[in-house]
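Remarks on the structure that follows.
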Amino acid sequence: MQILLSLMSGVALLIWGAHVTRHGMLELLGPRLRLVLAAGTASPARGFLAGLGVTALIQSSSATALMTSAFVAGGLVSLPAALPIVLGADVGTSLMARLLTVDISWLSPLLLVIGIALRLSGKASLRGQAGEVIVGLGLITLALQLIRLYAAPLLHAEIVRAIFTSLGNDALLALVIGAFVTLLAYSSLAAVLLTATLAMGGVIGPATALPLVLGANLGSGLIACLANSGSSPAARRVSLANLIFRFAGILAFLPLLDAIPWLLARLGSSAGTMAIDFHMAFNLTLAATLIWFVNPVAALCTRWLPDAHDDAAPGGARYLSQGDLRHPSVALGNATREVVRIGDVIEEMLDGMKLSIVGNDRAANARCRALDDRIDDLYSSVKMYLTDVDAGSLDGEDAERWDAIMLVNINLEYAGDIVERILVDLDQRKLTRNYCFSAEGSAELLELCDMLVANLRTRMSLFVANDRAASALLLECAGDFQARAERFTARHIARVAQRRTASVETSALHLDTLRELSQMNALLCAAPAGMPGALREDPSFLAAGNHGTPHASPRPSST
């Protein structure tokens, strides 16, 4: 019993060491690793190498698959371009397993001493993050040493021999156990290293080790699927494709398990290293074979996991049909409808913000802040959709409309960020302290919120209809808001001068809110490029506070 507990402690230390190494590497090189993955989507070969390199560093093919899923979900890369990264990631984790099974147990004390010293010298610094990686490697090498040490006595235990002998006679059972251990450890690397260490110690033979390795590969695919279970269909397709790759490989290799030990032995593999060699051969074979089938697999995953319908994902894009991209006028109309939906969400946020002005309900404030995520998703979808429009077929009017949609999309996203920023300030500086604005101050802020809603509706009417009369009305509304905001600022200063408690307590927050609302009004009243009339060039409009408005992104080149 003591031996089993000691062996389990070694396994736990191995799992923890892999986690520490992965966490430290992501902290140290996270942004750079994501850039490497993004650059790897240019070609299948580069994607394969990017996945291999990143996984070799972070020692987790599941983490690499999750980062790749985020790129696909964000519309930054297509599914077929992302799948070579996943294949490279699986090869990367097998390469690291091969390196870590080399007996360097003498190095573990040195790694631990150096790593802990670096970590304690500065947790948030690059030195501290590098120290965390070194500590993780030291824990892995120490854990492997402990597993070898405590596995040796198991050779003489008859019950253990009987269990592993039965596993060797039932490959499917061994495969299931390998997958279960991988899920339990949340790491295929840890499961493969454990299998290889037991094989090197003579506790298990190739007949047991090889199906355990297949199970670890199946478990790796299941881990990514479980981690992405709550994500969008686009993100889940990457994990599903990875699982399909794993399952196809298992079906191909399972009937050959009796012949594989003989073949590996002819290639120079010993009984102790056969599990690791098989793990590498399995993933290399899958990558070399299936990289030519990424397009059919991507199509299959898209068919099995279609985009969610509107009622399933009310916050997602509804009208951005990919089939309409061949008809720019229709595609621009689709994008217009989505931008109008962004305006509706902003209006909902403004209505919710009024509750935080007059009350101190933190739960309502949090629900309102969460709406900004919906705005960000819609903004990103519209932006990527517009860049996919065939620029070569845009005539002058459509080109101007493209500019107008892009600029309004950008301005509305920024306006949503401003509302979220106001809500955060209200939560941290008013709600948590149970402060209240003065009655006059609350009424003034509510009036400005109502004016913003009215200006937002006018802006969307102008955006949809290109109404010249609405343009003039929008300019008038912008000036009225600015004048009223300045008048309310002066009134607040007067109340502070009178030493009114509520005004003094909330003065900084009140003035910050007025400034943010004015900035938001300037964004909502900004006339997009291509709008008829001289609204964009009117000096009186600029005087109303339209400064620093973002400009539309350039249209995609037709070449």
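Every residue, even glycine, has its Cβ placed from backbone N, Cα and C.
According to TrEMBL, the feature transmembrane segment maps to 33-58, 70-89, 95-118, 130-151, 171-196, 208-231, 243-264, 276-294. The annotation domain 'PhoU' is assigned in TrEMBL to 340-422. The feature region 'Disordered' is assigned by TrEMBL to 537-559.
Outside the transmembrane segment (33-58), and at least 6 residues removed from its termini, the chain residues within Cβ reach (under 8 Å) are 21-22, 25-26, 64, 67-68, 71, 76-78, 81-93, 95-96, 287, 291, 294. Averaged across the domain 'PhoU' (340-422), pLDDT for the predicted model comes to 88. Nonlocal intrachain contacts for the transmembrane segment (70-89), taken as residues 6+ away from its ends with a CB within less than 8 angstroms of a stretch CB, comprise 37-38, 40-41, 44-45, 47-55, 61, 64, 231-232, 234-235, 237-238, 241-242, 245, 283, 286-287, 290-291, 294-295, 297-298, 301-302, 380-381, 384.
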